[in-house]
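I have placed the structure first, in the form of structure tokens, so that the comments after it can refer back to it.
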């Protein structure tokens, strides 16, 4: 029996007197193992949501771009040339290089519109992300659960993209982009939490990093789709990324289980037991264990939609952790979203710089994936933020000496920010118990996005002085990383499921520390 069912060796052992499981980690891993093939496939499928997340985030790079143009043959070359301002030229003296429907700028005649108008759709998207994160953050912890929240977010993101195809003007387009960002806000959070709660604690870090790989894959897929559809309407690109999302939701609905941790914490023990049995059967493992003795410490407070955030703020230790992670996330987000935007201010080819920045996310994910089991969370996060800050400031210092050295510093800074971005989410999911974990990660993600809101303003102000952009980036991420010093280390620790359990663990550690000093 033990040879044929290695994942259930603990469950198949004859009953013998022993203490009941102290946590859901022991209960769940004892029944289905910490990482079976069916868990692996489900974790991969859930993580694919990050692909669509990245596509929705960066699609405006192509759909909202100003196309290239040329002077027409009938134009006066003394008036119309490559250096001319098309807003000062007559309509018959120039023409777009591609059909006007390739971009919203050319289709709606926005080439001479104020920057506020042309930038409104992208701003509306990120404002939607902030609003959606605040409004939907607690639903995955309270009423909907991880799986249903992921489905809701992906479907809202997809259908708002389909409606965007029918936008008649920039104003309707911006409103739909707001709803698109609103739905997108919790996709990455739900995917990260659900995928990591389906496996044992030894594989949490590696499974979490898979989502970051998928995000990079989605980002890199956009140039391919845009190139294939060059000359086609910008609306076609929205269809390319929205229809597959609907098909993905169908697969998730039928193939992915709800988190058994969340079901236990919500008091839905029967459903949790059925889920565990189904996962064990999918791993081709016989079920011989009786679940009648599965125990879990129930939470001493009632969970409603917004109680997750309230309890995070009311518990001093939770508020301290959340504040530190959000402050750090603000600085990381400012550099993560601002660095690619600021490449136009450096002495480097813009297209080469953007390509290198996109590709630098891959080694950041690889390093996090292979070293997550050995890396101390707090020390690594501090190191990445400091390195990113120092190299960002050095971009300003060495820019006058060597453009090659300047782009090298920029790439190291962005790489460090990517690594810090990844590590901050993994660290957050280990700092907070199951009952509020999704809400905590959502708040940290909102801090990351909020930092990105200020990045375009600094980049625009830094066109004449790089210190206003890259210098401020470096100072902010360095200073915002300092509150992380007071957080506990979580590598190799057991995930708690309730606030009371987390407090009990802290008290035990404090008592052990006092006993050691005595």
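Cβ coordinates come from backbone N, Cα and C, glycine included.
As recorded in TrEMBL, the features of this protein are as follows:
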COMPBIAS  10-23  compositional bias 'Basic and acidic residues'
DOMAIN    42-492  domain 'Major facilitator superfamily (MFS) profile'
REGION    1-23  region 'Disordered'
TRANSMEM  116-137  transmembrane segment
TRANSMEM  149-172  transmembrane segment
TRANSMEM  178-195  transmembrane segment
TRANSMEM  207-225  transmembrane segment
TRANSMEM  237-256  transmembrane segment
TRANSMEM  322-339  transmembrane segment
TRANSMEM  351-373  transmembrane segment
TRANSMEM  380-399  transmembrane segment
TRANSMEM  411-432  transmembrane segment
TRANSMEM  444-461  transmembrane segment
TRANSMEM  467-485  transmembrane segment
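For the transmembrane segment (149-172), the neighbouring stretch richest in Cβ pairs under 8 Å, chosen from 116-137, 237-256, 351-373, 467-485, is 237-256.
Outside the transmembrane segment (467-485), and at least 6 residues removed from its termini, the chain residues within Cβ reach (under 8 Å) are 323-325, 327-328, 330-332, 334-335, 338-339, 342, 345, 378, 381-382, 385-386, 388-396, 410, 413, 417, 420, 451, 455, 458-459, 461.
Contact between the transmembrane segment (351-373) and the transmembrane segment (116-137) is absent: fewer than three CB pairs lie under 8 Å, with pairs separated by 6 or more positions in sequence. Most Cβ pairs under 8 Å with the transmembrane segment (237-256) belong to 207-225, among the candidate stretches 116-137, 207-225, 322-339, 411-432. Averaged across the domain 'Major facilitator superfamily (MFS) profile' (42-492), pLDDT in this predicted model comes to 82.
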